[in-house]
Amino acid sequence: MQDKILDGKGVSAKIKEELAEEIKELQKKNVTPGLAVVLVGEDPASQVYVNMKEKTCNALGIVSRKHVLPEDVSEEKLLSMVDDLNNDPEIDGILVQLPLPGHIDENKVLDRIKVEKDVDGFHPESIGRVVLAQDGFRAATPAGIIELLKRSNVTLEGKEAVVLGRSNIVGKPVALLLLNENATVTVAHSRTKDIAEVTRRADILVVAVGRKEMVTADMVKQGAVVVDVGIHRVEDGLKGDVAFEEVKEKASAITPVPGGVGPMTIAMLMSNTVKSARKRAI
Ligand SMILES: Nc1nc(=O)c2c([nH]1)NC[C@@H]1CN(c3ccc(C(=O)N[C@@H](CCC(=O)O)C(=O)O)cc3)C=[N+]21
């Protein structure tokens with residue numbers, strides 16, 4: 001079996017090595033993968049993430065183009081930037097950093113991205129392709145969770161999987177991906193009657209609720225595999241949605257924060273960008 005601590009950082013490093021090799025091959029065919037990242041406003045957390053994405057692109061040989069727009073940019077202007085990137089032959093992937101300011105309709109912007117360049121996997125057609133288990137871009141965090149579990153030799157088929165949280169960007173898509181892997185999937189959320197009773201059934205528990213250390217040891221079955229998608233900044237570092245120290249005593253495997261799901265998200269974004277560029281190299 002795998003180590004108890006599921007090493008997202010290490011696994012993502014391995015994936016990035018594989019991608020760097022593939023990018024070298026693409027470059028021999030005169031294709032350099034290109035990722036456009038659009039950032040609206042100056043939210044510090046968003047800036048951190050966007051910089052991490054840019055750094056990773058540079059390290060792998062992906063051209064990264066960052067477009068920063070002011071907080072008060074009109075929706076029309078943002079949509080016209082997306083149109084330009086849709087039509088830019090050197091751009092294989094477009095990522096509009098979320099959240100967007102309140103005056104902009106997020107769905108309208110995500111819908112505008114060409115599905116062929118939707119490396120974030122947030123376009124309705126990309127989501128539809130997940131539902132139908134058809135080829136297409138998978139959202140980076142859900143895909144990263146599955147990839148981390150598989151590469152850590154965690155079996156999904158026939159397992160009782162519980163997803164806590166039902167967001168469009170993590171909860172819902174990861175539930176579908178687990179279903180496609182033949183797990184038996186339950187989605188629990190804020191209106192679920194007895195959350196602990198449901199989470200205690202889980203062989204595999206994925207927590208994406210956005211509440212610091214909400215999942216405690218009493219909510220976890222002995223031997224469960226626990227995946228923590230939460231990120232909360234505290235004085236002395238980062239915490240997840242799972243009370244790591246107590247839950248790790250009960251779990252057979254658990255992702256840390258930091259160093260778990262987060263790095264996998266970036267690796268899968270890069271993987272999607274390379275996948276998109278591959279279609280240019282024929
Ligand atoms: N269009 C869009 N696509 C996204 O994929 C997207 C987004 N918007 N908005 C924000 C969230 C968040 N996200 C993370 C990426 C990497 C880490 C990551 O690498 N975390 C490190 C720690 C980094 C740190 O120190 O903050 C870790 O967990 O080890 C975390 C979170 C992508 N997001």
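Backbone N, Cα and C define each Cβ position, glycine as well.
Per TrEMBL, the features are:
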BINDING   G165, R166, S167, I231  NADP(+) binding site
DOMAIN    6-120  domain 'Tetrahydrofolate dehydrogenase/cyclohydrolase catalytic'
DOMAIN    140-280  domain 'Tetrahydrofolate dehydrogenase/cyclohydrolase NAD(P)-binding'
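Annotated features, which come from TrEMBL, shown on the structure.
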residue: G165; record: NADP(+) binding site; Cβ contacts under 8 Å, 6 or more apart: G171, H189, V206, V207, A208, V209, G210, V229
residue: R166; record: NADP(+) binding site; Cβ contacts under 8 Å, 6 or more apart: K172, A175, V187, H189
residue: S167; record: NADP(+) binding site; Cβ contacts under 8 Å, 6 or more apart: A208
residue: I231; record: NADP(+) binding site; Cβ contacts under 8 Å, 6 or more apart: L238, G240, V257, P258, G262
Exercise for the section: Tally the residues of the domain 'Tetrahydrofolate dehydrogenase/cyclohydrolase catalytic' (6-120) by DSSP class, grouping H, G and I as helix, E and B as strand, and everything else as coil. Expected result: 60 helix, 18 strand, 37 coil
Problem - Recorded NADP(+) site residues G165, R166, S167, I231, farthest C-alpha pair in Å - result: 16
Practice task
Pop the mean pLDDT for the domain 'Tetrahydrofolate dehydrogenase/cyclohydrolase catalytic' (6-120) in here, whole number is fine.
Solution key: 97
